[in-house]
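Here's the structure, in structure tokens; my notes come after.
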Amino acid sequence: SLIELTKMVFQETGKNPVTYYTLYGCNCGVGRRGKPKDATDRCCFVHRCCYKKLTGCDPKKDRYSYSWENKAIVCGEKNPCLKELCECDKAVAICLRKNLGTYDKNYRFTMKFLCDKPEKC
């Protein structure tokens, strides 16, 4: 769910995901789509593509379990869809951490009309 995703992103980046990423670029945040503006925005694009592959669970609402062990996210689900959901969220959290250096304040609060048509997953 969005709860676990928010926690993971904070644990990996140290940033408040609601204020730092919600309207970043063309792909970060619920319902946003467009050609990625930079590597940070691409993390969100790839995350959306990961969600599209899920069948049998709702990425926004379904809760899953994970742990934070030695500064690493460990997905602990037995349900296959929830395990994949956890792995999607883990991947975006790690991607955002690895790309903190590409974060461009000019892409915060990007309006949809400034986004080009998205590429395919």
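Cβ from N, Cα, C; glycine included.
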Swiss-Prot annotation, disulfide partner of Cys44 among Cys26, Cys28, Cys57: Cys28
Swiss-Prot annotation, disulfide partner of Cys86 among Cys75, Cys95, Cys115: Cys75
Second cysteine of the disulfide that Swiss-Prot assigns to Cys57, among Cys26, Cys81, Cys88: Cys81
As recorded in Swiss-Prot, which of Cys95, Cys115 forms the disulphide with Cys26: Cys115
As recorded in Swiss-Prot, which of Cys49, Cys50 forms the disulphide with Cys121: Cys49
Inter-residue Cα distance where the pair is Cys44 (disulfide bond) and Cys26 (disulfide bond), in Å: 9
By Cα-Cα distance, the member of disulfide-bonded residues Cys50, Cys75, Cys115 nearest Cys44 (disulfide bond): Cys50
